[in-house]
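First up is the structure itself, then whatever we jot down about it.
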Amino acid sequence: MKLIIVSGLSGSGKSVALNALEDAGYYCVDNLHLGLLSAFVRQLMAPRMPLYELAAVGVDVRSGLEELDHFDDIMAEIRAQGVEAQILFLRADEDILLRRFSETRRKHPLARKGMPLVEALRLERSLLARIAVRADLTLDTTRTNVHQLTHLIRDRVEQAGGDALSLLFQSFGFKHGSPVDSDFVFDVRCLPNPYWEPRLRSLTGRDPDVGAYLDEHAVVQEMFDSLRDFLERWIPCFEAEHRSYMTVSLGCTGGQHRSVYLAERLAAHFRQTRGLNVSTRHRELS
């Protein structure tokens, strides 16, 4: 049986994630106390013909400090039962979480009389750090809406259904902030910028004219070759450690031209040469 533990900060999209997993065929339970998790798994595996081969459980801070402190032991017990267990952790910037709570008027699970929302968020972040550091996949939803998050989770989880690494190439613009849900971040702002060509300014790195412009510069090919060789060298090492997910982020100034172009080229290369499960996400084009 495959089990995904869905955790993260309140307001970061855990319910959206569980809904997406349910649509993908997972049996989902939200807000399960950590102390009940092992028994829950045993029940799912008890029948001679198990009813559920895919399950997902939402776990939040309400499990309490004692159970959170024993998270590693709980996960070890589950894996000892032969379960393929993965951890999905969602986060978002504090100002975005505050805005979401203001818009939805939902109450934070740690909110107590006299405790400001910002303090509840910071306490939650501290308590859930025990889970966050063990996450197989971390998604930053700061700049992601409900529909984008749904598609992103479906893509990553379905791709990780086999033994192959699920590899995401993500473009972004540094002026909008660096993504924190990355395994590698590469700065490509040193490359020639199509933005300064009036005919290319409104286009993106997906457009042939932008690609042709960048292909004219030898330094762009050199950058691609260097990134390709680096990833070819080190991806097998991550696979050897049984990693299910990897996110490679490439950033230029605005996230429209150079980073998009390189993300697409690298994704095409690794799809063709290694047969990996590869997807792309262009944060600023969303």
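Every residue, even glycine, has its Cβ placed from backbone N, Cα and C.
Marked as ATP binding site by Swiss-Prot on the basis of sequence analysis: G8, L9, S10, G11, S12, G13, K14, S15. Other C-beta atoms found within 10 angstroms of the C-beta of S10 (ATP binding site) number 26, with every protein chain shown included.
Secondary structure at R62 (GTP binding site), taken from DSSP and collapsed to helix, strand or coil, is helix. Residues or ranges marked as GTP binding site in Swiss-Prot (evidence: sequence analysis): D60, V61, R62, S63.
Summary of the GTP site environment: with the site residues D60, V61, R62, S63 set aside, the chain residues having Cβ atoms within 8 Å of the Cβ mean position are N31, H33, L34, V59, G64, L68, P109, L127, L128. For S15 (ATP binding site), the same-chain residues lying six or more positions away in sequence with a CB closer than 8 A to its CB are D30, G58. When the Cα atoms are compared, S10 (ATP binding site) and V61 (GTP binding site) turn out to be 9 Å apart. Among the binding-site residues G8, L9, G11, S12, G13, the ones whose Cα is located within 10 Å of the Cα of V61 (GTP binding site) are G8, L9.
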